[in-house]
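What Swiss-Prot records for this protein:
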BINDING   His83, His182  heme b b562 binding site
BINDING   His97, His196  heme b b566 binding site
BINDING   His201  ubiquinone binding site
TRANSMEM  33-53  transmembrane segment
TRANSMEM  77-98  transmembrane segment
TRANSMEM  113-133  transmembrane segment
TRANSMEM  178-198  transmembrane segment
TRANSMEM  226-246  transmembrane segment
TRANSMEM  288-308  transmembrane segment
TRANSMEM  320-340  transmembrane segment
TRANSMEM  347-367  transmembrane segment
Amino acid sequence: MTNIRKTHPLLKIVNHSFIDLPAPSNISAWWNFGSLLGLCLLIQILTGLFLAMHYTSDTTTAFSSVTHICRDVNYGWLIRYMHANGACLFFICLFLHVGRGLYYGSYTYFETWNIGVILLFAVMATAFMGYVLPWGQMSFWGATVITNLLSAIPYIGTTLVEWIWGGFSVDKATLTRFSPFHFILPFIIAALVMVHLLFLHETGSNNPSGLISDSDKIPFHPYYTIKDVLGVLLLLLLFMTLVLFTPDLLGDPDNYAPANPLNTPPHIKPEWYFLFAYAILRSIPNKLGGVLALVFSILILMLFPILHVSKQRSMMFRPLSQCLFWILAADLFTLTWIGGQPVEHPFITIGQVASILYFMIILFALPSISMLENKLLKW
């Protein structure tokens, strides 16, 4: 008799996706981040659901409702900090997942990669709206600054901003609409994840060598389920250490003060995971130019399949490209640091140099070095 998992209409889908899925035999721990991101999304949806039961999306009570969750709800402090730090962990896994895709040439799976970039935008939008909900000082001013960027769009900009605000400033209407959007977006993200996996399973996984591995496949279960469990345990260890010992390590102290439109914080900055893009935005003196650079800093990921000119898919055997990749990684760390610094000398200059370097490496240096490596292959 055939196993039920292979015949049942629903179990069959699960079987083909997670059990009998043919996977390359040589994929490393860098391939764990897909499952870890799934875990992060699950944690965020569950903790968010419990927070939504106690949260009120009204400017007069939002801040005190978060305080009430932390003080009066059973394990409310734990749920709140799991949700806040879960977002941080989500982005750490996301950046590592994207980095792995860039290093090993996974972007040549065009549809999977583009859905992934759309997912990145969706997660960033969700995180931004979630940051506004506690209605602290940085929530209010962050929302004001970031939404105000849309006013740089010619002709319709100002109208668009007021339409998003629901008035002439960030106020009750803004908070009321951000709350349902923040609630529904994770479910849209979950649906997009399904599409992401659908396209991935059409082609099969990439592997560190970048070579076709059709002749050397092993079943996903038990080999990679066990490997993923190790990743999950390490992630949960890091996560719970963060939540239970230093829950405010990655947060902003300003957000413990209720939102006050009459008092501007000395340095408005978003959460750490947006700082690299924020630094690129600030490094251009023109408002529209800054907004375009901000959007393009993420959208540029979609150009990688077009900019790939190397005869080898992975960077595993391309030392020159490897050097550039790690310079790019260091540049992103620099941009993240600069985004958190005040707008003054020498940070302005460092930010501008790092921003130019970011675009130069991706648009010119990597393709040029790839061409050089192609030439060196013939020698």
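Placement of Cβ uses the backbone N, Cα and C atoms for every residue, glycine included.
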Cβ-Cβ neighbours of His83 (heme b b562 binding site) (radius 10 Å): 21
Number of other Cβ atoms within 10 Å of the Cβ of His182 (heme b b562 binding site) across all protein chains: 21
Feature contact check the transmembrane segment (320-340) with the transmembrane segment (178-198), CB under 8 Å, 3 or more pairs: no
Surrounding residues of the transmembrane segment (33-53) on its own chain - C-beta under 8 Å, 6+ positions past either end: 69, 79-80, 82-83, 86-87, 89-90, 93-94, 96-97, 100, 130, 182-183, 186-187, 189-190, 193, 228, 231-232, 235, 239
The residue listed as 'ubiquinone binding site': tally of other CB atoms within 10 A of its CB: 14
Sequence-distant neighbours of His196 (heme b b566 binding site) in its chain (C-beta under 8 A, six or more apart): Thr112, Ile115, Gly116, Leu119
Integer Å distance between the CA atoms belonging to His201 (ubiquinone binding site) and His182 (heme b b562 binding site): 29
C-beta crowding around His97 (heme b b566 binding site), within 10 angstroms: 20
Best-contacting stretch, by C-beta pairs under 8 Å, relative to the transmembrane segment (288-308) and drawn from 77-98, 226-246, 320-340, 347-367: 347-367
Cβ pairs under 8 Å between the transmembrane segment (226-246) and the transmembrane segment (77-98), at least three: yes
Positions on the same chain near the transmembrane segment (347-367), where near means CB under 8 A and six or more residues out: 279-280, 282-284, 293, 296-297, 300, 303-304, 307-309, 321, 324-325, 327-328, 331-332, 334-335, 338-339, 341
Spatial neighbours of the transmembrane segment (77-98) far in sequence, C-beta under 8 Å, 6+ residues away: 30, 33-34, 36-37, 40-41, 43-44, 47-48, 50-51, 66, 69-71, 116, 120, 123, 127, 130, 235, 238-239, 242-243, 247, 250-251, 271-273, 301
Cα distance (Å, whole number) from His97 (heme b b566 binding site) to His201 (ubiquinone binding site): 17
